[in-house]
Amino acid sequence: MKPSSSRASFAQRHWQHDGWLATLLRPLSALTAWHVARRRAQYQTGRRPVYRAPVPVMVIGNIYVGGTGKTPVVIATVQALRERGWTPGVISRGYGARIGPQPRVGQGRELTPASHGDEPALIAHATGAPVAVHPRRALAAQALLSQYPQVDVIVSDDGLQHLAIARDIEIAVQDDRGIGNGRLLPAGPLREPAARLDTVDAIITNRAPQSSATPTAASGQGPRRADMRLEPEAARHLQSGARRPLADFADARAFPAVAAAAGIGNPERYFATLRAAGLHPEPCLALPDHYDYRRSPFEAIVADAILVTSKDAIKCRGLDDPRLWEVPVQARLSDPGLFDWLEARLRQAAAAIAR
């Protein structure tokens, strides 16, 4: 495990409990709370400008730092909107790429992690939707609509805290960790106070494969709630494109030794997904989020197959390693009416914008 990955694991463990480290860092969390409240007030009072796009905007983000499963929700949402007749476009910060002063806009497989960032490239490859990236999401939205005027709804990948762009729908994605110890950074894992969840339109909880939690029921009060499980699909060979059922990798006759690697916000969730599918990868290599694959981390691994996430796969294509297989995941929601409900909200927003 890389040092930065070890530090992240250390922080995650402490963020689940209100122990000595949280107590020690509490004064710094008070500064975070002051900064968050001050910044929000500046936007609410008009001291900072807010861009209003001419189409509805849906933000999918979180208040828990790190990976909670936002990207699969973005992909599922874009696909669901397209099925319902919308032409969605996506905006993102473009983390992992050097964007420069001007937004970068592209569509489909022309996007690469180096040019547009890891998650934007993955979303573009999975959906074919146009994607614009820039740290200032208002600029990204303007560039997106300029180059793709047919876009009639913008989905923001992350950006719940990016208040410089007006939004019509907010979806918060969390996982079984919930709000951790409930404290703001650095004493806890939260970017904003836990009460922020009361103001969003919907909360999707990404459940672990073996979670025994009772499915969240949709409620008529407060945010609409749904559970999500990420179900693995057939593995795809990175070099040939061939597909094989995931069960094949549990067959010692086909693959005597299977390893796994993940450079995502929560690698253990990916490994747990593989184990829940009946696989027993060894070793499980937890890499830092947004890992740079220009140098292979797999040379010391003795295995017949190495299973990686889709986010890692798009960065591993330049590696000459025939052992690499991508394991895509599909988001399955407990609320079958969620996307119809979201579409109804979007139509209301579009009508209000047109007036």
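A Cβ is built for glycine as well, from the same backbone N, Cα and C atoms used for every other residue.
Copied over from Swiss-Prot:
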type: BINDING; residues: TYR64, VAL65, GLY66, GLY67, THR68, GLY69, LYS70, THR71; note: ATP binding site
type: COMPBIAS; residues: 208-222; note: compositional bias 'Low complexity'
type: REGION; residues: 206-226; note: region 'Disordered'
The one of TYR64, GLY66, THR68, THR71 whose CB sees the fewest other CB atoms within 10 Å, among these binding-site residues: GLY66
Secondary-structure category, per DSSP, in which TYR64 (ATP binding site) falls: strand
Shell list (ATP; ref centroid = CB of TYR64, VAL65, GLY66, GLY67, THR68, GLY69, LYS70, THR71; cutoff 8 A): ASN62, VAL173, ASP175, ASN206, GLY265, ASN266
Other C-beta atoms that fall within 10 angstroms of the C-beta of GLY69 (ATP binding site): 24
